[in-house]
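S.K.: So that we are looking at the same thing, I have put the structure below in structure tokens.
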Amino acid sequence: MTLVALCVISFLHLQLGGMASDTSFNGHVLTLFEQSALLFGTPAESFTEINYYYVQLPRWLMGLIVGAMLGLVGSLMQQLTQNPLMSPLTLGTASGAWLALVIINVFFPSWVGEYSAIAALMGSVLTLLLVLAIVGIRNVSGLPIVLAGMTVNILLGAIASAIILLNDQYAKNLFIWGAGDLGQNGWSWLQWLLPKITVALAILLFAPRLLTVLKLGQQGATARGVSVVPMFLGFIAIGLWLVASVITAVGVISFIGLLAPNVARILGARTARDELWFSLILGAILLCATDSLALWVGAYSVDIIPSGTATAMIGAPALIWIARHHFRAQDSLSISLPGGRAHLGRYTGWLLGACLVLATLLYTLFSYSGNGVSLLLPNEFVWSVRWPRMVTTLAAGAGLAIAGAMLQRLVYNPLASPDLLGISAGATFTLVGSSLLFGVSIHESGPLVAFSGSMLVLALLLLLGKKHQYAPSMLILTGISLTAMIEALVHFALTRGGEDEYVILTWLSGSAYRAQGSHALMLLAVVLVLAGLSISASRWLTLISVGRSFATARGLNVSWAYVLLLSCVAMLCAIVTTTMGPVAFVGLLAPHMAIMLGAKQVKPQLVVAALLGALLMLTADWLGQIVVYPGQISAGILVSIIGGGYFIFLLMRSR
Amino acid sequence: MLIKYLAPIDWLKSKNKFTQSITLATLVFCLLFSWSIKAEIWVEDSDGKHSFTSHPVRVAALNWDIAEQVIELGVTPIAMPDLTGYEQWVVTPAIPEGVEDIGARIEPNIEKLMALKPDVILIAAPQKDLASRLEKIAPVLFYQTYSESHDNAAAAVDNFRKIAQLLDKTALAEQKLQAMEARLDELRSALLTAYDGNLPQVKAIRFASVNSVYVYGENSIPQYALSKLGVVESEVQPRTQWGIAQKRITALQQFSQHTVLYFEPFEYRDKLAESRVWQAMPFVQQQRFNRVAATWSYGGAMSILYNAEALSQSLLELAPR
């Protein structure tokens, strides 16, 4: 059955390829007979024939192979880790490759032609090693590895954006790769890729035995004389290699590796061998089908539609749908962060407050002019530029920290960060979408557009989460899917060229530069109200963080509480994103630092985290204005780099 | 006191105080009147008319295409964004000595800008939403060159004139524009001679990768420059804001009768040369394909000339003689 589907889709893909080229260059369409003649060795002569043989055929084959590999590796990883969320996408490898390519293009432009493949390969392998180093090889079966992957994803993405923004023109050629494109120009990439993926045979031949044994659990495996750990590591390494090669060849194509194995299981693949083979074929079908769609839409549009964009647009809703119907709620907390002090010191809160006041004063008075530093009372104009920025960063930091602290307790996972819910991505989506559709500048379309995007995602989350009583894995899965889909759309916007892309990129970097007085005050007011609400709801949070059943037993309507608290988190995210763009890591980091300072109860944690978040953001914004003076690095990027680096250090030390 | 200073003037030495004060009043009135006449400088930007009391001297240009035109007019702007980027991508005209860098184009450093005390701030679309804030520093004028709804090349020339009017350089601007037209004529006749009066159709592109290209079409400066060189374009691509569309490389096949010119830099030249599809392109087979020296495609009026120079140079290299 699946094989028939594969044939049908392949046929469709090749014909669509012909159509797409036909509309653009008035050539005649090759008949099926001519096509088969070309396949069996007639040399291609006319341009249409050459196009068929050197563009359409390799693209089709590339689609099949890439899809198959992504499906296979996805299945392998999911079976090895018993984790249906595991996939190349959720491991953050793509952003590693992306960063490596950006670095090569910006700093070593003369190497671009020759070494970019090797650089991308190294980037993705290093990223995977980093993610594994964070969670530890024994911790790969739960949400933690997904969260760690996304964390690394955000960190590397932020560094790459900073480099692009500071050197805008160089990275231009990369955007289409970033969007993931199967388009081929001859057989060279296939020739490059094929020898590298022969190792996949090892998976198909030898993995089923190990995987079958693994299903019995590790003890069972050892009892049968299989030395699990070395084989496990070996297969992981092969999987990584395959993914890295594929990413290097075609760029970022998400979702296939995550979807195919899940579809295979739904279609009834029971044994390990079946699942591997089915995922392989399904991966090929899925990618071929979505790429057909890209070809078909591309035939009618002025610009190229990258394959990766089409895949994400189809993949994200499909994944959410599958998750809704076939996942069991399974939440495991298997990672612990350093404990820190047992109690909050008596003066810690005051000390923090004093630091914050000091930082605020410094922010107000400090002037840097390239060659000199002065501490002066700002004149009226400078003050009118500085105070909205200061209020925005302070309120944003505090708001995100509170949102993060609440969310981590709601989903029982210390690695959850509010931006993983997709709320910020929702705002990005509507802003970029409106700029694409109506051609308005992203800075002019206004906060309402952004806010409505965030609220749309919140509504989706609440709607989709209800069935699973807002189980964390579902929430995060939905968030990740939405985020990946929106990333694909943004990359598409970036490939279109012109000078708009830097406006979009700057917005994405989360900068307080454009903060206006009225918006800043609005943000402050909303954050204060929501902070007040969250502190007054701290009893709910305490009950919920002990356990759902415990909370129910104490007479709390858990579902209702979830809706309210989640909305609170989402509102905080939405208002911050609306005012200064997406900001990562503050919401992840501040609550942890609070705990390390000893604020373990809900109420003190919220307060201390808010203070820390505000301090972090303010410092980042201040530093960002100094390090590349007279240019600036946005607070969002700087906080991601500082916070991300620190967080990874923390995670590694905690093991 | 004033009378004491004016005393040497004979007719002020009037005997009675009344005549003195009348004369003085008349004098002050005259001064005031001439002052108000002097205030009548009206300049135009993309938003409409604005009045100035005198021609601004300290000019801050917040976008590259604006800065380029200010420099062309012989005025050294006090501030420009991202000087290193400009030197790498826009290149000509070169930045004169003494221009201050004010950071990114999208996020100019406002505090530094204020400290430089400009008389006027010139902005383009990326800074449009900052106008109200910048107005607190100095009057802001907005010049939109690139838009889907107008002719970019005409807008570039138009803006050049408007900026010249503001800087009191109208004569120079007209002279430069005439010189440009003259030079364009020269280039055109040189091309005509080289091609025996038979210019090919030409398509200007910029490579994005070995698989995709930006094609310059309607509303782009390179296309306009080509038309000024006498090249007639029959393939019409829908107009866009920047005049470009990203296409797959195979789409270039539709330019079967064209000469195709690509803007440098392009790192993948060797890789592309190996491609069979590329070799099958009619313009590659018939050697109607050449490189164009790196030129900024989103510039101001004079960039039409720079594009034309680079493009015609490239076409001359391909010419039969």
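Glycine is treated like the rest: Cβ placed from N, Cα and C.
Just so you know, TrEMBL annotations never went through curation; they're auto-generated.
Taken from TrEMBL, the feature signal peptide covers A:1-20. Feature annotation from TrEMBL assigns transmembrane segment to A:60-77, A:117-137, A:144-166, A:186-211, A:223-241, A:344-366, A:448-465, A:474-495, A:558-577, A:583-599, A:606-627, A:633-652 (among others).
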S.K.: What residues elsewhere in the chain lie close to the transmembrane segment (A:606-627), defined as a C-beta under 8 angstroms and at least 6 residues from its ends?
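M.R.: Contacts of the transmembrane segment (A:606-627) (Cβ under 8 Å, skipping residues fewer than 6 from its ends): 344, 348-349, 352-353, 355-356, 359-360, 362-363, 366, 368, 389-390, 393-402, 404-406, 512, 531, 534-535, 538, 583, 586-587, 589-591, 593-594, 597, 599, 633-635, 637-639, 642-643.
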S.K.: With a Cβ cut-off under 8 Å, give me the same-chain residues at least six positions beyond the ends of the transmembrane segment (A:60-77) that come close to it.
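M.R.: Contacts with the transmembrane segment (A:60-77): 10, 13-14, 17, 83, 86-88, 182, 184, 189-190, 193-194, 197, 200, 203-204, 207, 211, 235-236, 239, 242-243, 246, 249-250, 253, 256-261, 264, 275-276, 278-288, 291, 307.
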S.K.: At a threshold of under 8 Å on Cβ distances, which of A:117-137, A:474-495, A:558-577, A:583-599, A:633-652 pairs most often with the transmembrane segment (A:448-465)?
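M.R.: So the stretch in question is A:558-577.
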S.K.: State, in range form, which of A:117-137, A:144-166, A:474-495, A:558-577, A:583-599 has the highest count of Cβ pairs under 8 Å to the transmembrane segment (A:633-652).
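M.R.: Ranking A:117-137, A:144-166, A:474-495, A:558-577, A:583-599 by Cβ pairs under 8 Å to the transmembrane segment (A:633-652) puts A:144-166 first.
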